[in-house]
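Below: one structure, written as C-alpha cells.
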Amino acid sequence: MKTALLRSAALAGLMMAGGASAHAESLTLYCSADEAWCQQIKTGFEEKTGITVDMTRKSSGETYAQVRAEASNPKGDVWWGGTGDPHLQAAEENLTEEYMSPMRGELHDWAIKQAEAAGNKTIGVYSGALGFGYNKDLLAKNGLPEPKCWADLAKAEYKGQIQIANPNSSGTAYTTLATMVQLMGEDKGFEYMKALHKNINQYTKSGSAPIKAAGLGETTIGIVFMHDAVAQTAAGFPIVTVAPCEGTGYEIGSMSLIKGARNVEAAKKFYDWALSAEMQGKAKDVKSFQLPSNKAATVSELTPDLSTIKLIDYDFKKYGSSEERKRLLGKWDTEVSSLPQ
Amino acid sequence: MRSRDLSGRLHPTVVLWMVVGLLGFAVLPWYGVEDGFFGLSWLFEGYPLDSEFAPALVLNLKGEKLWLAPLGLLLAAPLLLWGRKKSDPLFGKLLVAIGAAGFAWLLFQGFAIGLRGWQFGWLQGLFGDLGDRQFGMGYGALLVGLAFLFLFSQGLAARGAVGGDVFVVSTIAFVVAAVGLFIFMPILQMLANALITEDGSYSLTIFLGKLFSARLWSLDCLAGGSRCGVAWNSLFLAVLVGVLTTVLGLVFALMVTRTGFRHGTLLRALTVLPIITPPFVIGLAIILLFGLSGAVTQTFSELFGIQPTRWIYGLPGLLIAQLLAFTPIAFLVLIGVVEGVSPSMEEAAQTLRANRWQTFWTVSLPLMRPGLANAFLLGFIESMADFGNPLVLGGNFDVLSTEIFFAIVGAQNDEAQAAILALVLLAFTLLAFYAQRFWLGKKSYTTMSGKGDAGVHPQLPTALKRAVYGMAGFWVAFTIFVYATIFYGSFVKLWGVDHSLTFAHYVKAFAVGWNDFGIHWKGSAWSSFWTTLQIALISSPLTAAIGLLTAYLLVRQNFAGKNAFEFGTMLSFAIPGTVIGVSYVIAFNVPPIELTGTGIILVLSFIFRNMPVGVRAGVASMSQIDKSLDESSLTLGANSWQTFYRVVLPLLRPAIVAALVYSFVRAMTAISAIIFLVSARYDMSTSYIVGRVENNEYGIAIAYSAVLIGVMLAVVGLMQLVVGRRNIGRRGHELSQSRTNVSQPAFSGGS
C-alpha cells in the first residue's frame, strides 16, 4: 500500500514536470533578537531579494547550542543577532566562516573591532550598554530612593527588590559579571556580586526577563541591557532606564556565517544587506532600540546614546573566550550563588 | 497465467516483499533528499545518476558506496527458494537468515559509516581511512529495511511462530522494530552521552561526580541553607502533586457518584478544560492574579494593608498551577474505578453491621487501590515532566525539567549534564512505576463479573459528604475564576497597566487579509498554527493505529517474550517529555537516521510518546470483547487480518476515539518534548506561545491559547462524529439496531 502511494506520488510529480523548475533560492536564518525584529528582517529580505527565508528565533545561547550540535551537518546558513560572546565562541570553535563584506567601510569602529577579535568570522550589527531599569510606581510605593549607580543596588534597602538573570543561562547576566570584574577588579567585583546577591529576589533564566517582570510589577528593579528597558517604556510600562554612574559594559550584537552553509550565496547577500543603513534604520519601527552598527542608519530618539554613557573598555576577546567564561562562572557558582540570601 | 506460474514456484508474499525491497534498492533515492522527498524536485535534478539522489543500485554500478552491495545480494537471495513449499524446513530457515542478515547489515553500515567516514575507532584501525562518507538514509533505505523485516517475519511464521500466522508475526516484528528504533535507541544513546566528558572521551568518574553533585542532591535547605538540590525539589513537588491530585480527584469522583450530586455534566465539562489548555497558561493566569502586582494580591493589600510579597514564585505557585492542571486527569482515572466498585460488596458490609464509615474505609477505599495508584502515578509523572509552569512560576525553586532545558540551551550548554539530569528524572519515574506495581501486588481487585449487580452505591457518611462538597466547591470556583481571568486577559490591552478592552491581540495573531493571490494569512500565529494542526492531525491516527494494533497483540495473541514486549511499549509512558526531546535531538541529528529540522521527528515523537494510551485504551476495551467472536470469524474462513479489521475494529470504536482524542490533544498542547525539536519550517503553537510569554506579550499568548482551546473542542467533537459510536444491542434498544449488530452475543454471556 505504501509503495502504491509512493508510485502515484511520483507519477503526479512527473505530470507536473512542465511547471516545476529548479527550486527557488532559500536561506535558513537563525535569529537571536526578539520576535518582531526577526519577523521584520525575514520579510524585509524576502521582499528585497525574492529569496525565501526560513527563520528560527532562539536566544543566542540556544542558537549557539544548535549550531554546535549541527556542526557535522549544518542546517543553518546565517546567524543574526544576539550578544557577541556566543558568536566569538563559535568563531573560536571554528563553527563559523570568515567573510569580508564590502559594507565594512560604512560601519562603526566597534563593529570592526568585534570582527577582528574573531578573525573576521563575525561582525557587529548593533550594540547596547548594560544598565538597569526600575518600575517607578513600585519604587514610590515602597518608598525607595531612586538608584543611580551600581553601588546603590548593593545597599540593604533594596533587599528583595532586584532581579537579574542567572549568568549560567544568560549572556546578559554574564556580561554583567564580566563588567563588574573589569570595572572593579576581580576581587572587588566578586565582593560586589556577593553584596548584590543579598538583594536579588530571583535569578531568571532569560536575560531580559527581569525588566519584563519589572514592567508587570513583579519586581522593582531589573538589571538588563538599557535598550531592553527602553523597549518596556515604549510598550507602555512605567519603567525608568538608568545608565549607572560608575560606567558600564556593553554588548555587541553580532552576525556570523555558518561554516558549511548550504546556501552560501544567499547568506552572503543577506550578510551585506544586514549591514546596510537601509536595513538597520528600520529596527526602531519594531521597538528595538539598540544602536545600529552602520553609521548612516537612522536612530530613534529613545535609543540610549552611547556617546553620553560612560563605557568601560570591554575586553571581548578575553571575556568572550570559553576558558575565562568557564572560570568566572565556576567561581560565581561556588562563591556567590551558594550564599544564603 | 505467468503470475500464477511464478507464485507456484515462489511464495507470493515473499515476491511482494522482494519487489518492495527492489523498489527501495534500485528505484528510490537511497539517501535522504534535503529538500524533501515529496517535493519531488529531485526527479529533475539529475536523478537517477546524480550521487545525491541515486538509488543504491546505481551508486554501486558507478563504483560508489560499495558497502551497500551486500544488501542487493541479500534481497535477491530468496530466489534460492524457487520451487520450495512453505512447509519445507529450509524455507523458513533461509528467510529468517536473509531477513536478519539484511536488517543487521543495514543498521551496521548506517552506524559504522557516517559523515566523517568510519564512526568507530576499531574499524578505522582495521581498514584505514575510508575516504568516503554518507548522509542520513532516505526512503530507498526505508523500503529495503521494511522488506528485510517482513521477509524475516515470513520466515519465522513459516517455522511455526505464533501458530504460523504471518499477519501476527509481521505486526509483532514491526512494532518491536519501531519501538526499538524510536524509544530504546534514543534512550540508550542518551545514556552513552551522559558518560562523555568535555574533551570527548568517556569517563565513569566524571560521570559519577556529576551524577552525585551537590547541585542535584544537596540537602542544604533542611539544615537552614538557602536551597536544596534540584533532584529533591523535583521529587518533593512531584510527590506532593501526585498525592494531592489523587485526593482531589477522589473527592470529585465520590461527589459525582455517591452524593446524589446532580450537576455531573458541569463538573465533567470543567475537568476537560485544563486538559485542553496549553500547559503554562494556567501558570500565567496565576501570576496575573497572585503575583506581586496581581489583581488578588493588590486587592488584599489595599483591603487589609498587607505588604504584597512574591510568595507565589517557587513551590506554592507551582503546586497551585499543577494541581489545577492535573487534578482532572486523576478525576477521569478515578471516576471509572469508583463507579466500578461493586455495590453488593458494600451492601454485604452494611448487612454485617458496619457503619458507613467502616464500609468506606475497609471496603470501598481498598477496592479503589488500582485507581488511586494509577492516579498518583499520572500526577507524579506529569509534575516531573511539566516544563511550562516551572518556566514562568519557578522563581528560585529549580526543578529537573527546566534545568535540563537550560543545560542544553544555556550559556554553558552541556549536553552530558542534560543527559545526566534526564537520567535522574527517568530513574524517578521508573521507580514510581515499580512502587505502584509493588503496592498493588498480586491481590485481586475484580469487582465486575458477568452476573447482574443491581445494587446501589451507598451514600457517603455525612461529615465526609460535607467535606467533599466544600473542597469541590472551592476548586470549581477557583477554576472558573482562573479561566475567566485567562479569557478576560486576552481582551485587555496591557495587563496591569491598561485595562481597556481590545481585539488587538487576536488581530495581531490571526489577521487575515486579501492580496493578489487570494487569502493572505497575515497574523503572526498562522504559520505555527497550521503546522501544529497538520502535525497533530497526521500523528493522532497513526498513534491510534499503532496503539490498537499493539493492544490486539497483547490481548489476543500469545507469544514468547510477551511481558518484555508489553514493558517496551509502555516504557515511553514513564519517560517524561523532556527526556524524549533531549534523546531525540541526540539520536536523530546525525546519520543514519537524520530527522532534526523535519516535521517527521515531531510526528514520531508524538506517536511514540502517546502510544501507551492507545495501547491501554485498546487493552481495556478489547478485554471486554469475547474471544469467541474472533474464533467464529476464523472458523468461517476469515484470516486474522480480516478478523481484526471487520470484527474487532468496529467494536473498538470507543477506544479508537479515546486514542485519537488523547493523541490529538497531546500533540496540540505538548511543550516539554517539542521545545527541543521545533525548527524554522516546523514551529509549533506551544513553542510560539512560550516565546511570546518570554517576551512579556501575555495578551497574544493568552489569545492564541484561547483560540487553540476552541479549535481542540471543535476537532474532538468532529472526531467523535466521524468515528461514530459502537452499537451494542442491549435489551430495551430498538430491534433494528440489535439485528444489524454482530456484537450482541459477546455481551450476553459474561466476559
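Backbone N, Cα and C atoms are what each Cβ position is placed from, and that goes for glycine too.
According to TrEMBL, the protein has these features:
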TRANSMEM  B:12-33  transmembrane segment
TRANSMEM  B:94-115  transmembrane segment
TRANSMEM  B:135-154  transmembrane segment
TRANSMEM  B:166-188  transmembrane segment
DOMAIN    B:231-436  domain 'ABC transmembrane type-1'
TRANSMEM  B:269-291  transmembrane segment
TRANSMEM  B:311-338  transmembrane segment
TRANSMEM  B:359-381  transmembrane segment
TRANSMEM  B:416-435  transmembrane segment
TRANSMEM  B:467-491  transmembrane segment
DOMAIN    B:529-719  domain 'ABC transmembrane type-1'
TRANSMEM  B:533-555  transmembrane segment
TRANSMEM  B:655-678  transmembrane segment
TRANSMEM  B:698-723  transmembrane segment
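The stretch from B:135-154, B:359-381, B:416-435, B:467-491 that makes the most Cβ contacts under 8 Å with the transmembrane segment (B:698-723) is B:467-491. Here the transmembrane segment (B:533-555) has long-range neighbours at 168, 171-172, 175, 178, 562, 565-566, 569, 599, 602-603, 606-607, 610-619, 622-623, 644, 648-649, 652, 655-656, 659-661, 663-664, 667-668, 682, 684, 711, 715, meaning same-chain residues at least 6 beyond its ends whose C-beta is under 8 angstroms from one of its own. Long-range contacts of the transmembrane segment (B:12-33) within the same chain, counting only residues at least 6 positions beyond its ends with a Cβ under 8 Å from a Cβ of the stretch, are 6, 39, 42, 47, 52-59, 65, 68, 71-72, 75-76, 78, 81, 95, 134-148, 150-151, 154, 166, 594.
A Cβ distance under 8 Å defines the sequence-distant neighbours of the transmembrane segment (B:655-678), meaning residues of its chain 6+ beyond its ends; these are 275-280, 385-388, 401, 405, 408, 532-533, 535-537, 539-541, 543-544, 547-548, 551, 576-578, 580-582, 584-585, 596, 601-602, 605-607, 609-610, 613-614, 617-618, 620-622, 649, 684-687, 690, 708, 711-712, 715-716, 719-720, 723.
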